[in-house]
Amino acid sequence: MGVPSTQASNAIIYLTYGAFLVTGCYIAWRLRHQSKTEWLSSNKTQRGIPLALNFIASALGSGILFTYPQIATICGVQGLLVYALSSSLPLLIFGLLGPIIRKKCPEGFVLTEWTRQRYGAVGGLFLSICTLITLFLYMVAELSALQQIITALTGLDGLPAVIVECAVTTIYTSIGGFRVSFVTDNIQGTMVVGLIILGVITVGVETNIDRSLIEESGFLKPSLLGWQLIYILPVAILTNDFFLSGFWMRTFASRTDQDLWIGVSIASAAVCCILTLVGVTGLLAVWSGALAIGDEEGGYLAFFLLLGQLPAWVVGIVLVMVVSLSTAAFDSFQSAMISTGSNDLFRNKLNLWVIRGLVVVFIVPVVVVALKSPDILQIFLISDLVSASVIPCLVIGLSDKFYWWRGFDFVVGGLGGIFTIFLFGLVYYDGNTDLAGDLLLLENGLYANDWSAFGAFVAAPVGSLLWGFGACGLRLVFLYILSGIKGHRFDALDRPIPP
């Protein structure tokens with residue numbers, strides 16, 4: 001196996017981190033005179049190309065080296081293309097909804113601010129909790145993936161790299177805030193695009209394919225799971241993107257609506273190509289004999305098993321790519337977490353130095369949980385189920401035709417969607433409460449050979465809408481009866497007067 005020496009691996013990893021630290025601190029020093037508002041957001045300041053690079057850097061992460069090759073080894077070309085398209089096309093939703101939300105909430109910089117304005121404090125807090133938990137899980141997943149990748153590529157303990165990455169991003173993020181994350185993402189996004197293209201081309205050139213394994217693998221044929229994923233993945237990823245404040249902060253940062261569309265369009269196309277290229281390594285791993293056909297449990301290691309057949313210098317390129325991917329994603333989550341928490345929980349009343357202190361303090365529980373090396377895919381799936389339950393009732397409020405839709409309806413609908421998954425589990429598993437509870441956490445994974453995951457992702461949005469409209473109906477009936485008792489005019493369906 002072509003593995004760089006311990007000294008070479010450490011030099012590659014920590015010199016890359018050192019370069020990011022110096023660059024981030026220099027940018028933060030240049031921005032040292034910015035106000036608290038500028039530290040938290042950069043509304044209407046960015047052009048299309050920088051936005052595109054930022055969306056690319058925020059949409060990726062080192063975890064893609066596990067998940068996309070794995071799905072290729074399970075569902076072949078069909079599953080890989082569905083996953084890549086489902087991950088990239090939802091970025092266009094920010095170009096579609098961003099102008100609408102900015103018009104309705106011009107002073108905001110995250111979706112939760114519009115939610116608070118539209119649905120009230122309780123509705124805003126409900127979405128904020130969902131958002132903060134999701135960002136926390138994504139940060140945990142990123143560090144967990146980094147730790148496992150460093151070990152898989154070099155044989156070294158991944159813990160020091162995790163700690164160094166947290167220190168590096170925390171230092172320059174706490175000094176420069178969102179704006180330094182935005183600028184560093186431009187650099188990291190450019191590096192990621194270049195390194196992935198270089199790395200994948202190198203892997204393709206250096207890999208020897210056994211053509212007899214292509215037909216035997218069955219990767220070119222459709223499958224039942226592949227057809228199920230055509231529904232599951234778009235619903236899961238599209239709704240979950242609403243919880244990622246980093247995307248919304250970049251949406252509000254666009255100088256014009258045209259810049260926003262340029263940014264998300266370029267990013268969507270680039271992300272689709274990148275994820276497809278990364279996922280193809282799963283196919284190559286099987287076709288080259290590095291991974292046995294039908295080894296679904298080992299599919300998440302397909303990328304690394306393939307690298308094991310290649311020269312050490314290829315692994316060196318991949319190491320730089322991994323550090324760039326992880327740092328770009330992690331500092332985006334970090335700045336999004338702090339800006340969202342400051343806005344939603346403290347209404348931006350905290351002193352800037354206190355906010356900077358929170359950046360440092362908050363990183364500790366993230367590292368502690370990440371060191372337990374949780375299942376990365378399952379973390380994403382749990383978050384996806386919650387978002388599929390909450391977002392359908394949220395977006396109803398974007399339409400002026402549903403002016404009578406209230407925060408009570410939104411919150412009940414979101415919670416009802418989650419409860420409906422459990423109810424579906426009771427029916428699907430013949431009343432077994434343990435299995436129904438496991439379905440809420442998708443303990444059997446997304447790739448189980450049954451209809452449980454598919455049913456859960458159907459139950460979540462459908463149940464959410466049913467509970468939401470049911471709650472709306474009960475609320476209106478209650479208010480109608482109450483107005484009759486008190487002798488007041490029933491005004492719950494009156495169109496609100498715009499401010």
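Just so it is clear, glycine is given a Cβ too, placed from its N, Cα and C backbone atoms.
Remember, it's a predicted structure, so these values are computed and weren't measured experimentally.
Record features (TrEMBL):
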TRANSMEM  12-29  transmembrane segment
TRANSMEM  80-98  transmembrane segment
TRANSMEM  119-141  transmembrane segment
TRANSMEM  161-180  transmembrane segment
TRANSMEM  187-205  transmembrane segment
TRANSMEM  225-248  transmembrane segment
TRANSMEM  260-287  transmembrane segment
TRANSMEM  299-330  transmembrane segment
TRANSMEM  350-371  transmembrane segment
TRANSMEM  377-398  transmembrane segment
TRANSMEM  410-431  transmembrane segment
TRANSMEM  451-482  transmembrane segment
Residues from the same chain, set at least six apart from the ends of the transmembrane segment (119-141), whose C-beta lies under 8 A from its own: 61, 63, 110-113, 240, 243-245, 329-330, 333-334, 336-337, 340-341, 344-345, 366, 369-370, 374, 376, 379-380, 382-383, 386-387, 390, 394, 397, 406-407, 410-411, 414
Highest-contact recorded stretch vs the transmembrane segment (260-287), from 80-98, 187-205, 299-330, 350-371, 410-431, CB pairs under 8 Å: 80-98
Result, the transmembrane segment (225-248) in contact with the transmembrane segment (161-180) (3+ CB pairs under 8 Å): no
Positions on the same chain near the transmembrane segment (410-431), where near means CB under 8 A and six or more residues out: 119, 122-123, 126, 130, 385-386, 388-390, 392-394, 396-397, 437-440, 451-452, 455-456, 458-471
